[in-house]
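Visitor: Pulled these from Swiss-Prot:
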type	residues	note
BINDING	29, 56, 214, 220	substrate binding site
BINDING	245, 246, 247, 248	NADP(+) binding site
MOD_RES	77	N6-acetyllysine
């Protein structure tokens, strides 16, 4: 965020801002890709980093996008008529909430890796980015405080500080995302962060339909809510045999 502010203000030798002169095709060295691959391997929804990587991939299709911009229609350009100062605050809060989600997901991945490799403590990992790193952040002090309060904390969003922070940002977050969608502005990280938050806070998700579909086309079985650990197969079409399993790993 600090360097972004500096970049936005930076002027070229001709007195004009430099940023609009830079080709909008982002490169990458692989750290984001490695993180996304690790998240998939460990089954952890690190969606923000994944979307950030894919957004760079999309940006690299510059020539295709130039052609697509001439053929694909979106919403008509809308002149913003609201309170700009108020909306800037909405964007600030949307950014803050999304940042919380990003760190939440990162520590979910670290937690899973710690379980896999038998790490006894991740305290050092919570502090290692505070300086000397491209993502150095004072924000990590709040994360350390959360785990100091509750060493067994399952998720940052369940800590009182972060829970209150996200709740305070929520209305602004939704307004910013909604405005972007209505005006056709791509916001992959804001939208996936909000989608993760809404998914995480729901007791029930439509994944039961996914399990039913998997059982329908592949007889993968599904677990019944009324019988935890009991997996069954349904003969959805009236044809074929039946399958049941108590040990299938869905």
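Every residue, even glycine, has its Cβ placed from backbone N, Cα and C.
These figures come from a predicted structure and were not determined experimentally.
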Visitor: How many other Cβ atoms are found within 10 Å of the Cβ atom of residue 220 (substrate binding site), counting all protein chains shown?
Guide: 17
Visitor: Measuring Cα to Cα, how many angstrom lie between residue 29 (substrate binding site) and the residue listed as 'N6-acetyllysine'?
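Guide: On Cα coordinates alone, these residues lie 35 Å apart.
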Visitor: Measure from the CA atom of residue 56 (substrate binding site) to the CA atom of residue 77 (N6-acetyllysine) and give the result in Å, rounded to a whole number.
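Guide: Here the two Cα atoms lie 25 Å apart.
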Visitor: What are the sequence-distant neighbours of residue 56 (substrate binding site), meaning same chain, six or more residues apart, C-beta distance under 8 angstroms?
Guide: 26, 27, 28, 32
Visitor: What is the number of other Cβ atoms found within 10 Å of the Cβ of residue 29 (substrate binding site)?
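Guide: There are 7 of them.
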Visitor: Within 10 Å of each Cβ, count the other Cβ atoms and name the one among the recorded positions 77, 214 with the highest count.
Guide: 214
